[in-house]
């Protein structure tokens, strides 16, 4: 997995540093991303075959996150402009990192092992052991706690990313409205200032009416944008 990750990182960095347009290599970068998540899922699946009980449950939940990352990577490769695919991919990658840290605390740090369970060390007393629960009730309680941790971490990530998207989206909308208003002002300035040197009152009234109509159009456009 780390080999594929290094290959992807090297190619992606090289593409970004190219002087010419890197858009033609998006498909290649997408395929490399898919290969990274595919290798990760493959290794986690076969690495978790001998994991039973609580440790196997944590690895199974991790595989769900990797599947979401793999599917969103395929969608991003097929449709690079899809916001939904980009959102799911970034969220799932952050979720993977948070879940790895949670597994590290829960499965390999004795003070955080669930109640009724304990770490079973290898014969040489190293840290390559497994968490074993005394009873079926303790195992069920520990798995329920893992499910709650999964939901809590996902909820926190979604709240953070949604808030960030709304904050940045609001700034983008305000900037776009200001740009549209400036374009309208430029159009009105180009149209309304008509220097007419006449004494005819009817012509002057027509020019005033045209200016009033242009201002009414601007006000109507601004009201519709605010609505």
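Positions of Cβ are set from backbone N, Cα and C atoms, glycine also.
TrEMBL labels come from automatic prediction, so no person has curated them.
Annotation source TrEMBL lists transmembrane segment at 24-46 (among others). Beyond the transmembrane segment (24-46), the same-chain residues lying 6 or more positions past its ends with a Cβ under 8 Å from any Cβ of the stretch are 1, 4-5, 7-8, 11-12, 15, 18, 59, 62-63, 66-67, 69-70, 73-74, 76-77, 80.
For 58-76 (among others), the entry in TrEMBL reads transmembrane segment.
Counting only same-chain residues 6+ beyond the ends of the transmembrane segment (83-102), those with a CB under 8 A from a CB of the stretch are 61-62, 65-66, 68-69, 71-73, 75-76, 149-150, 153-154, 157-158, 161, 165. The transmembrane segment annotation in TrEMBL covers 83-102 (among others).
Residues annotated as transmembrane segment in TrEMBL: 150-169 (among others).
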